[in-house]
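Novice: Below is one structure. I have some questions about it.
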Amino acid sequence: IKSVRSKSIGSGAADNMKPVGTPPTFDWYQNATEVGVVITTKWDAMRHDLVIVDSKKSDLLIQVFVKENTFFIHMKPSEAIFNDCQVKMKSPGTVEVILQKEEPDVTWQSLGTPLKDHEAFVRTKSIECRYRTWTVVSNTTVTHDTRLMRFKSPPECRMVVPVGYHVHIKTEISGMEIARSYTAVSPSLTRPHLDMSIARGKTIYLMIKVYKGGVISPWITSLKSGEKVQLSNFDGNFDLGRLEKTSHLVMFAAGTGFTSMIQLIVYSLYTLSNSNFPVKLVFYNKTQKDIIWRDQLEELTKTFSRFSVTHVLSQETDPTWKGKKGRVSMEHVKEFVPTPKETPNPLFCICGQWAYNDAVESFAKFNGLEENHIHVFSQTS
(Lines of atoms letter the chains of each structure in order from A and count residues from 1; the text may use other names and numbers.)
(Lines give C-alpha, C1' and ligand atoms only; values in the text may rest on other atoms or scores of the structure.)
Protein backbone atom coordinates (compact mmCIF):
# COMPACT_ATOMS: atom_id res chain seq x y z
CA ILE A 1 0.00 0.00 0.00
CA LYS A 2 1.33 3.39 -0.92
CA SER A 3 3.13 5.40 1.74
CA VAL A 4 1.54 8.67 2.76
CA ARG A 5 3.74 11.70 3.35
CA SER A 6 2.61 14.36 5.76
CA LYS A 7 1.89 17.99 5.02
CA SER A 8 2.75 21.02 7.12
CA ILE A 9 0.00 23.29 8.37
CA GLY A 10 0.00 26.76 9.81
CA SER A 11 2.07 28.26 6.99
CA GLY A 12 1.42 31.72 8.35
CA ALA A 13 3.16 30.92 11.62
CA ALA A 14 6.48 32.44 12.61
CA ASP A 15 9.57 30.57 11.44
CA ASN A 16 10.27 29.28 14.93
CA MET A 17 6.88 27.57 14.92
CA LYS A 18 7.48 25.71 11.66
CA PRO A 19 8.39 22.02 11.88
CA VAL A 20 12.05 21.07 11.77
CA GLY A 21 13.27 17.96 9.99
CA THR A 22 11.80 15.42 7.59
CA PRO A 23 8.07 14.66 7.98
CA PRO A 24 7.17 11.05 8.83
CA THR A 25 5.43 8.68 6.44
CA PHE A 26 2.92 5.95 7.22
CA ASP A 27 1.54 2.72 5.78
CA TRP A 28 -1.23 0.45 6.98
CA TYR A 29 -2.03 -3.24 6.79
CA GLN A 30 -4.75 -5.59 7.97
CA ASN A 31 -5.48 -9.19 8.86
CA ALA A 32 -8.69 -10.90 9.96
CA THR A 33 -8.85 -9.20 13.35
CA GLU A 34 -6.44 -6.26 13.30
CA VAL A 35 -5.49 -3.12 11.46
CA GLY A 36 -1.92 -1.90 11.83
CA VAL A 37 -0.70 1.64 11.20
CA VAL A 38 3.08 1.79 10.70
CA ILE A 39 4.69 5.22 11.09
CA THR A 40 8.25 5.76 9.88
CA THR A 41 9.91 8.75 11.55
CA LYS A 42 13.56 8.20 10.52
CA TRP A 43 14.44 9.19 14.09
CA ASP A 44 16.36 6.42 15.83
CA ALA A 45 15.47 7.77 19.29
CA MET A 46 11.74 7.31 18.63
CA ARG A 47 9.93 5.46 21.44
CA HIS A 48 6.45 3.98 21.88
CA ASP A 49 5.64 6.42 24.71
CA LEU A 50 5.95 9.35 22.28
CA VAL A 51 2.67 8.29 20.67
CA ILE A 52 -0.82 9.19 21.96
CA VAL A 53 -3.79 7.34 20.47
CA ASP A 54 -7.51 8.13 20.70
CA SER A 55 -9.37 5.26 19.05
CA LYS A 56 -13.13 5.58 18.77
CA LYS A 57 -15.44 3.67 16.44
CA SER A 58 -15.68 6.57 14.00
CA ASP A 59 -12.70 8.74 14.97
CA LEU A 60 -9.05 7.67 15.05
CA LEU A 61 -6.47 10.23 16.18
CA ILE A 62 -2.78 9.29 16.42
CA GLN A 63 -0.29 11.91 17.59
CA VAL A 64 3.39 11.10 17.07
CA PHE A 65 5.91 13.35 18.84
CA VAL A 66 9.14 13.58 16.83
CA LYS A 67 11.72 15.81 18.54
CA GLU A 68 10.09 19.28 18.70
CA ASN A 69 7.35 18.33 16.24
CA THR A 70 4.03 16.49 16.18
CA PHE A 71 2.69 14.38 13.32
CA PHE A 72 -1.06 13.70 13.11
CA ILE A 73 -2.98 10.79 11.65
CA HIS A 74 -6.67 11.68 11.97
CA MET A 75 -9.27 9.60 10.16
CA LYS A 76 -12.76 8.23 10.27
CA PRO A 77 -11.95 4.48 10.06
CA SER A 78 -13.46 2.55 7.15
CA GLU A 79 -15.07 0.18 9.64
CA ALA A 80 -15.67 0.25 13.39
CA ILE A 81 -12.75 -0.36 15.75
CA PHE A 82 -12.59 -1.16 19.45
CA ASN A 83 -11.35 1.45 21.93
CA ASP A 84 -8.27 -0.47 22.97
CA CYS A 85 -5.02 -0.52 20.98
CA GLN A 86 -1.36 -1.44 21.25
CA VAL A 87 1.66 0.69 20.41
CA LYS A 88 5.08 -0.85 19.91
CA MET A 89 8.38 -0.25 18.17
CA LYS A 90 8.68 -2.16 14.91
CA SER A 91 12.29 -1.13 14.30
CA PRO A 92 14.47 1.88 15.20
CA GLY A 93 12.55 4.98 14.11
CA THR A 94 9.43 3.02 13.14
CA VAL A 95 6.44 2.70 15.45
CA GLU A 96 3.34 0.54 14.99
CA VAL A 97 -0.21 1.18 16.24
CA ILE A 98 -2.32 -1.99 16.30
CA LEU A 99 -6.10 -1.54 16.28
CA GLN A 100 -8.74 -4.23 16.82
CA LYS A 101 -11.51 -4.65 14.24
CA GLU A 102 -14.97 -4.68 15.75
CA GLU A 103 -16.10 -7.01 12.96
CA PRO A 104 -13.49 -9.72 12.26
CA ASP A 105 -12.98 -11.01 8.72
CA VAL A 106 -14.33 -7.81 7.17
CA THR A 107 -11.85 -6.56 4.57
CA TRP A 108 -11.20 -2.82 4.69
CA GLN A 109 -10.87 -1.05 1.34
CA SER A 110 -8.91 1.82 2.89
CA LEU A 111 -7.78 3.01 6.29
CA GLY A 112 -10.54 5.60 6.27
CA THR A 113 -11.61 9.14 5.46
CA PRO A 114 -9.30 12.04 6.44
CA LEU A 115 -10.48 14.34 9.24
CA LYS A 116 -9.18 17.66 10.57
CA ASP A 117 -5.37 18.06 10.57
CA HIS A 118 -4.82 14.62 9.04
CA GLU A 119 -1.18 14.28 7.88
CA ALA A 120 -0.25 17.57 9.55
CA PHE A 121 3.34 17.99 10.73
CA VAL A 122 3.76 20.97 13.06
CA ARG A 123 5.86 22.30 15.90
CA THR A 124 4.48 20.89 19.14
CA LYS A 125 4.61 24.32 20.80
CA SER A 126 2.11 25.65 18.25
CA ILE A 127 -0.56 23.07 19.11
CA GLU A 128 -3.45 23.93 21.40
CA CYS A 129 -3.34 21.84 24.57
CA ARG A 130 -5.71 18.86 24.29
CA TYR A 131 -7.65 17.79 27.40
CA ARG A 132 -9.61 14.61 28.11
CA THR A 133 -11.85 13.51 30.98
CA TRP A 134 -9.91 11.22 33.32
CA THR A 135 -11.34 9.48 36.40
CA VAL A 136 -9.90 9.43 39.92
CA VAL A 137 -9.24 5.83 41.01
CA SER A 138 -7.49 6.39 44.34
CA ASN A 139 -6.23 9.18 46.58
CA THR A 140 -3.77 8.17 49.32
CA THR A 141 -1.64 9.94 51.91
CA VAL A 142 2.12 10.26 51.36
CA THR A 143 3.04 12.90 53.96
CA HIS A 144 1.07 15.35 56.09
CA ASP A 145 0.56 17.62 53.06
CA THR A 146 1.15 15.41 50.01
CA ARG A 147 -1.14 12.94 48.23
CA LEU A 148 -0.54 10.19 45.66
CA MET A 149 -3.41 10.08 43.18
CA ARG A 150 -4.19 7.49 40.53
CA PHE A 151 -6.16 8.49 37.43
CA LYS A 152 -7.76 6.25 34.78
CA SER A 153 -7.88 7.32 31.14
CA PRO A 154 -11.07 7.49 29.10
CA PRO A 155 -11.62 4.12 27.34
CA GLU A 156 -10.52 5.36 23.92
CA CYS A 157 -7.25 6.98 25.06
CA ARG A 158 -3.81 5.39 25.25
CA MET A 159 -1.16 7.71 26.71
CA VAL A 160 2.09 6.71 28.42
CA VAL A 161 3.80 9.75 29.95
CA PRO A 162 7.52 9.81 29.05
CA VAL A 163 10.16 9.95 31.78
CA GLY A 164 10.52 13.49 33.12
CA TYR A 165 7.34 14.79 31.48
CA HIS A 166 4.26 16.32 33.11
CA VAL A 167 0.56 16.87 32.44
CA HIS A 168 -1.80 19.75 33.11
CA ILE A 169 -5.06 19.61 35.07
CA LYS A 170 -7.58 22.39 34.56
CA THR A 171 -10.76 23.48 36.27
CA GLU A 172 -13.02 26.51 36.42
CA ILE A 173 -12.95 28.65 39.55
CA SER A 174 -15.12 31.76 39.90
CA GLY A 175 -15.73 31.76 36.17
CA MET A 176 -12.03 31.56 35.29
CA GLU A 177 -10.30 28.56 33.72
CA ILE A 178 -7.16 27.72 35.70
CA ALA A 179 -4.59 24.99 35.05
CA ARG A 180 -1.67 23.57 37.01
CA SER A 181 1.06 21.14 35.95
CA TYR A 182 2.04 17.91 37.71
CA THR A 183 4.83 15.45 36.97
CA ALA A 184 3.78 11.87 36.31
CA VAL A 185 5.34 9.49 38.85
CA SER A 186 5.68 5.78 39.54
CA PRO A 187 3.32 4.39 42.20
CA SER A 188 6.34 3.21 44.20
CA LEU A 189 10.13 3.30 44.17
CA THR A 190 10.47 -0.28 45.38
CA ARG A 191 7.73 -1.85 43.22
CA PRO A 192 7.46 0.63 40.34
CA HIS A 193 6.08 -1.77 37.72
CA LEU A 194 3.37 -3.38 39.86
CA ASP A 195 0.58 -1.53 38.02
CA MET A 196 0.75 -2.86 34.46
CA SER A 197 -1.96 -0.46 33.27
CA ILE A 198 0.65 2.34 33.25
CA ALA A 199 2.60 0.65 30.44
CA ARG A 200 -0.67 0.15 28.53
CA GLY A 201 -1.30 3.89 28.68
CA LYS A 202 -4.43 3.55 30.80
CA THR A 203 -3.24 4.93 34.16
CA ILE A 204 -1.32 7.94 35.44
CA TYR A 205 -0.08 8.57 38.97
CA LEU A 206 0.45 12.12 40.21
CA MET A 207 1.94 13.25 43.51
CA ILE A 208 0.32 16.51 44.60
CA LYS A 209 1.18 18.81 47.49
CA VAL A 210 -1.67 20.65 49.21
CA TYR A 211 -0.83 24.35 49.41
CA LYS A 212 -2.75 26.31 52.04
CA GLY A 213 -4.61 28.99 50.14
CA GLY A 214 -3.78 27.27 46.86
CA VAL A 215 -6.14 27.67 43.94
CA ILE A 216 -6.23 24.11 42.58
CA SER A 217 -4.36 21.74 44.91
CA PRO A 218 -6.99 21.74 47.73
CA TRP A 219 -9.68 20.86 45.18
CA ILE A 220 -7.70 18.10 43.41
CA THR A 221 -6.53 16.44 46.62
CA SER A 222 -10.09 16.39 47.97
CA LEU A 223 -11.37 14.34 45.02
CA LYS A 224 -12.65 10.84 45.68
CA SER A 225 -12.71 7.68 43.59
CA GLY A 226 -15.04 8.07 40.62
CA GLU A 227 -14.79 11.84 40.33
CA LYS A 228 -13.58 13.42 37.08
CA VAL A 229 -10.81 15.81 36.05
CA GLN A 230 -9.74 17.44 32.81
CA LEU A 231 -6.21 16.17 32.16
CA SER A 232 -4.03 17.13 29.19
CA ASN A 233 -1.59 15.57 26.77
CA PHE A 234 1.86 15.13 28.27
CA ASP A 235 4.33 18.00 28.01
CA GLY A 236 8.08 18.21 28.54
CA ASN A 237 11.51 18.23 26.98
CA PHE A 238 13.68 15.82 28.97
CA ASP A 239 15.97 13.89 26.63
CA LEU A 240 16.04 10.28 27.80
CA GLY A 241 19.14 9.70 25.69
CA ARG A 242 21.15 11.86 28.09
CA LEU A 243 20.22 9.53 30.93
CA GLU A 244 21.13 6.45 28.92
CA LYS A 245 24.56 7.89 28.08
CA THR A 246 25.51 9.35 31.44
CA SER A 247 28.43 8.15 33.52
CA HIS A 248 27.13 9.67 36.77
CA LEU A 249 23.62 10.92 37.65
CA VAL A 250 23.14 13.44 40.45
CA MET A 251 19.77 14.94 41.38
CA PHE A 252 19.16 17.95 43.62
CA ALA A 253 15.48 18.16 44.61
CA ALA A 254 13.68 20.52 46.97
CA GLY A 255 10.32 19.44 48.42
CA THR A 256 7.92 18.22 45.75
CA GLY A 257 10.63 18.90 43.19
CA PHE A 258 11.37 15.28 44.06
CA THR A 259 8.46 14.23 41.84
CA SER A 260 10.53 15.08 38.76
CA MET A 261 13.24 12.70 39.97
CA ILE A 262 11.09 9.64 40.70
CA GLN A 263 10.91 8.39 37.12
CA LEU A 264 14.60 9.16 36.59
CA ILE A 265 15.49 6.99 39.59
CA VAL A 266 13.21 4.17 38.47
CA TYR A 267 14.49 4.23 34.89
CA SER A 268 18.14 4.37 35.97
CA LEU A 269 17.91 1.53 38.48
CA TYR A 270 15.34 -0.81 36.93
CA THR A 271 15.23 -0.21 33.17
CA LEU A 272 18.99 0.42 32.96
CA SER A 273 19.69 -2.38 35.42
CA ASN A 274 22.74 -3.52 33.46
CA SER A 275 24.36 -0.10 33.79
CA ASN A 276 26.72 0.71 36.64
CA PHE A 277 26.70 4.51 36.77
CA PRO A 278 26.17 6.00 40.26
CA VAL A 279 22.74 7.48 41.02
CA LYS A 280 22.77 10.15 43.74
CA LEU A 281 19.84 12.09 45.22
CA VAL A 282 20.36 15.13 47.44
CA PHE A 283 16.93 15.86 48.91
CA TYR A 284 16.12 19.22 50.55
CA ASN A 285 13.16 19.56 52.93
CA LYS A 286 12.12 21.62 55.93
CA THR A 287 11.79 18.80 58.48
CA GLN A 288 11.81 15.01 58.65
CA LYS A 289 8.00 14.84 58.36
CA ASP A 290 8.26 16.52 54.94
CA ILE A 291 10.48 13.82 53.40
CA ILE A 292 8.52 12.01 50.70
CA TRP A 293 8.94 8.22 50.60
CA ARG A 294 11.79 8.29 53.10
CA ASP A 295 11.47 4.58 53.91
CA GLN A 296 11.42 3.63 50.24
CA LEU A 297 14.51 5.72 49.54
CA GLU A 298 16.36 3.96 52.35
CA GLU A 299 15.24 0.59 51.02
CA LEU A 300 16.60 1.49 47.58
CA THR A 301 20.04 2.17 49.06
CA LYS A 302 20.04 -1.39 50.40
CA THR A 303 18.78 -2.94 47.16
CA PHE A 304 21.00 -0.99 44.75
CA SER A 305 24.60 -0.37 45.78
CA ARG A 306 24.95 2.37 43.17
CA PHE A 307 22.08 4.43 44.62
CA SER A 308 22.58 6.85 47.51
CA VAL A 309 20.54 9.61 49.13
CA THR A 310 21.51 12.54 51.34
CA HIS A 311 18.85 14.50 53.20
CA VAL A 312 19.31 18.19 53.97
CA LEU A 313 16.82 19.83 56.37
CA SER A 314 16.42 23.58 56.80
CA GLN A 315 14.08 23.75 59.83
CA GLU A 316 14.58 20.50 61.75
CA THR A 317 14.68 21.03 65.54
CA ASP A 318 14.81 17.39 66.63
CA PRO A 319 18.14 16.95 68.48
CA THR A 320 18.33 13.33 67.32
CA TRP A 321 18.70 14.40 63.68
CA LYS A 322 22.29 13.65 62.69
CA GLY A 323 22.02 14.49 59.00
CA LYS A 324 22.85 17.68 57.15
CA LYS A 325 21.11 20.95 57.98
CA GLY A 326 20.76 24.24 56.17
CA ARG A 327 20.05 25.32 52.63
CA VAL A 328 21.59 24.49 49.29
CA SER A 329 25.10 25.85 48.85
CA MET A 330 28.13 25.80 46.61
CA GLU A 331 29.74 23.41 49.08
CA HIS A 332 26.97 20.87 48.47
CA VAL A 333 27.49 21.06 44.71
CA LYS A 334 31.25 20.63 45.11
CA GLU A 335 30.73 17.69 47.48
CA PHE A 336 28.17 15.73 45.46
CA VAL A 337 28.35 16.77 41.79
CA PRO A 338 31.31 15.46 39.78
CA THR A 339 32.80 17.66 37.07
CA PRO A 340 33.66 16.52 33.52
CA LYS A 341 37.26 16.24 34.72
CA GLU A 342 36.19 13.59 37.24
CA THR A 343 33.71 11.60 35.12
CA PRO A 344 33.33 11.69 31.32
CA ASN A 345 29.62 12.45 31.04
CA PRO A 346 27.93 13.69 34.23
CA LEU A 347 24.22 14.51 34.27
CA PHE A 348 23.01 16.94 36.92
CA CYS A 349 19.22 17.29 37.30
CA ILE A 350 17.66 20.05 39.40
CA CYS A 351 14.09 20.67 40.53
CA GLY A 352 12.65 23.04 43.11
CA GLN A 353 11.25 26.53 43.31
CA TRP A 354 12.60 29.11 40.84
CA ALA A 355 15.10 30.66 43.25
CA TYR A 356 16.42 27.23 44.23
CA ASN A 357 16.80 26.17 40.60
CA ASP A 358 18.62 29.36 39.64
CA ALA A 359 21.00 29.13 42.58
CA VAL A 360 21.88 25.47 42.04
CA GLU A 361 22.36 25.92 38.30
CA SER A 362 24.68 28.88 38.93
CA PHE A 363 26.69 26.87 41.47
CA ALA A 364 27.01 24.00 39.00
CA LYS A 365 28.22 26.19 36.12
CA PHE A 366 30.67 28.00 38.38
CA ASN A 367 31.99 24.59 39.41
CA GLY A 368 32.74 23.59 35.81
CA LEU A 369 29.58 21.98 34.42
CA GLU A 370 28.35 22.99 30.96
CA GLU A 371 24.78 23.33 29.68
CA ASN A 372 24.88 19.82 28.21
CA HIS A 373 25.58 18.39 31.69
CA ILE A 374 22.57 20.08 33.34
CA HIS A 375 18.80 19.67 33.12
CA VAL A 376 16.56 21.97 35.14
CA PHE A 377 12.96 20.91 35.70
CA SER A 378 10.49 23.68 36.50
CA GLN A 379 8.71 22.62 39.68
CA THR A 380 5.26 21.57 38.52
CA SER A 381 3.52 20.39 41.66
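Positions of Cβ are set from backbone N, Cα and C atoms, glycine also.
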Novice: Please identify which of LYS209, LYS228 is recorded by TrEMBL as part of the FAD site containing ARG180, TYR182, ILE216, SER217, THR259.
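Specialist: That FAD site, as TrEMBL gives it, pairs ARG180, TYR182, ILE216, SER217, THR259 with LYS209.
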Novice: Could you tell me which three-state DSSP class ILE216 (FAD binding site) falls into?
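Specialist: Once the DSSP labels are grouped into three classes, ILE216 (FAD binding site) ends up as coil.
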Novice: So for TYR182 (FAD binding site), how many other CB atoms are inside 10 Å of its CB?
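Specialist: There are 24 such Cβ atoms around TYR182 (FAD binding site).
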Novice: For a quick check of packing: other C-beta atoms within 10 Å of the C-beta of LYS209 (FAD binding site), how many?
Specialist: 20
